[in-house]
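K.L.:
Sharing a structure below in structure tokens format, with a few things to ask.
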Amino acid sequence: MQQGTLMRKVKSKSWKKQRYFKLQEDCMTIWYQSKRTGKTESAFSISDVETVREGHQSEVLQSVAEEFPPERCFTIVFYGRRGNLDLIAGSAEEAQCWVQGLRQLIEPTSFPLTFALVSRTWIRDWFQKADKNKDGRMNFKEVQRLLKMMNVDMNEDHALRLFQDADKSESGTLEGEEFVLFYKALTQREEVLSLFQEFSEDGKKLTLLELVDFLQQEQLEDEGTEELAMELIDKYEPSETARARHVLSADGFLMYLCSPEGSIFNPQHRALWQDMSQPLCHYFISSSHNTYLIEDQIRGQSSIEGYIRALKRGCRCLEVDCWDGPNGEPMVYHGHTFTSKIPFREVVSTLGKTSWGNSSSPLPSMGTSPPSSHLQSAEGSWSCWPPAVQDPRGQGPWRCWVAQGASLSPTPQELKHKILLKGKKIGRLEDTLDEPGDEAPDVSDDDNGAEAEEERRRTKVRGTEHGSALQKDKETLAQELSDCVIYCKNVPFRGFQEARSHSRPSEISSLSEGKARKLIRDEGNEFVRHNAWQLTRIYPSGMRTESSNYSPQEMWNVGCQIVALNFQTAGMEMDLCDGLFSQNGCCGYVLKPPFMRDEETSFNPSDPSSWEGPGPITLTIQVISGQQLPKVANSKEGAIIDPLVRVEIYGVPADQAHQETKYIENNGFNPRWDETLQFQLHVPELALIRFVVEDYDKTSRNDFVGQFTLAFANIKPGYRHIHLLSKDGTSIPPSSLFVHIRITE
């Protein structure tokens, strides 16, 4: 990577300042300074960077798209709520140099490099924070200050012994490798060393056979364990000599336990592992509500950043609400409110550029209709979406054509790289497949439709139509938009019996959270059966003006596929969403359990005994220890957390539970709990497990420290690390929990 590169830092269309950007010699820090004054403006650590986007993938850079080509533009995205850094390089070559260089630093190709990089970054960051006089050395007083900063309340005599042992030069200060030695002594993992020695005959190494024993007995690996043991030694043993002898040292053992293979999350389930050839209604689909909003529902900001963030997070169902705008151009915003507005064409352009970054799965998109003249003018901008597919019947290009005789319930596999529109439609999907004139079209409405619409629908079933009323509705809906609505035609929900008698698999109904809860309470089994053959969308109550969320779990319990959440609002609800969809390649689609794909199922989440399942299982979790837990945001200087761990189970009502450990006083660095928690799960196929770390407070509500959520189906038993996430769902390395998991019937 080049150093001292002159680039433009962009904050708006009119604010573009030239700055020198330079990667420091440690390869972990970037600073930038003003070209005019030479004064250093800011610096950031590579560990603060979540990702790098190329091209015009931000609202700011899209505003200058006509002035600067995408090849010269890129965006640095930071963890948490820190704002993006939008940059314009002097040439495409310079931009690529920075983009590729940054990606190499933040996305190493192998885990051992990641582990070493995180440890090195952590050590360097703390050294710089504690080195008060910036002389590159640390005296004992500075070390004591460092321990407070690192969440450690250590006996002064013990701290002094560690300091003196590391001070090989006997200078009374630590520098360079001496501080690394001090850090390693500080981070000694006694619980891991004890486990290592339990399987090591000489207490210094694990032979190949000893490692195989550990993998079979504790990690419950039952296939190809000798090959797996060889692979782990080759991958995680730092000593070349040990690798040549096919043995694993204590350091290598720890690196394995901290690796993806040692994670509680089954690494095989990170990739696309489920059958993607089932009908769309057989999947849970990651879905957002009012995607364009990044704040509240009344006065909040509308931004294409909302779409970018949702798509990067694995969302596959977006909302685009279109309304009249100036000069005949449709605008996207929350209608009848004071939210800001963004042009429809910018939203479409953004979807075209970012829809397929993480997933090739189909992208259902929902929206209201602007007048037909506006839709016709906006239609041209859709050309930036994936190329239209020629209808084999020779009737023009469609986004998502249906061949003669094709199923009315297509699969994600068949619809890869397609964008589906949910909305009103003139006529039925079957009419599209028939010859023109075979049957007159009808016009459907959403769940807020008038009684007159329902009456037209009923008379349509009886073979009659109200011609004038139909013509009036057709005038409010552009034929071009109607033609794009294929598999997600809006229909009002009038009850499960009505839907079974008159609805089609290609139709979809939208329900408010309140209406859905009533149906769950009164007709739980019918709801599950309905969702086995037709899509249902759930949206938040209109009372959630501050963009809060409802629990998606109760909706998933009855098989609702499109459970729309406010992605901009962090909390337990979004943790559950991220936890469910972090599997299956993060494609945004998760296959429902078999008993939820059967139209004649007897399953009712309120009464698991009504379903002939395999019976309850017992989940036993031993919470052993924590490592380098972060401080609570905005805590007082010198404050040290008192951490506890709470394990929460989300699933059918009979499985909902939580238990927690005692709190450990004044130790967020390496707390030890050694407590066992046990849960009984009646429907583990629907269960989500959430691990939460909190700072105990006896006088007020506990403070959030970190969390990790995953589906029960993705749990790996044995000794496992849980790598914690922040409130925003971003990684906070190297913070983790060490646990032992057992699953018994």
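The backbone N, Cα and C atoms fix where each Cβ goes, and this holds for glycine too.
Annotated domain 'PH' per TrEMBL: 1-107, in sequence order. Taken from TrEMBL, the feature domain 'EF-hand' covers 118-153, 154-189. Residues annotated as compositional bias 'Polar residues' in TrEMBL: 355-380. As annotated by TrEMBL, region 'Disordered' applies to 355-388, 431-470. Per TrEMBL, the feature compositional bias 'Acidic residues' maps to 432-453. TrEMBL lists 454-470 with the feature compositional bias 'Basic and acidic residues'. The domain 'PI-PLC Y-box' annotation in TrEMBL covers 481-597. According to TrEMBL, the domain 'C2' annotation covers 597-726.
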K.L.:
Restricting to the domain 'PH' (1-107), what is the model's mean pLDDT?
P.N.:
83
K.L.:
Looking only at the domain 'PI-PLC Y-box' (481-597), what are its DSSP counts of helix, strand and coil residues?
P.N.:
50 helix, 21 strand, 46 coil
K.L.:
Can you tell me how the residues of the domain 'PH' (1-107) break down into helix, strand and coil by DSSP?
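P.N.:
Helix/strand/coil tally for the domain 'PH' (1-107): 26 helix, 42 strand, 39 coil.
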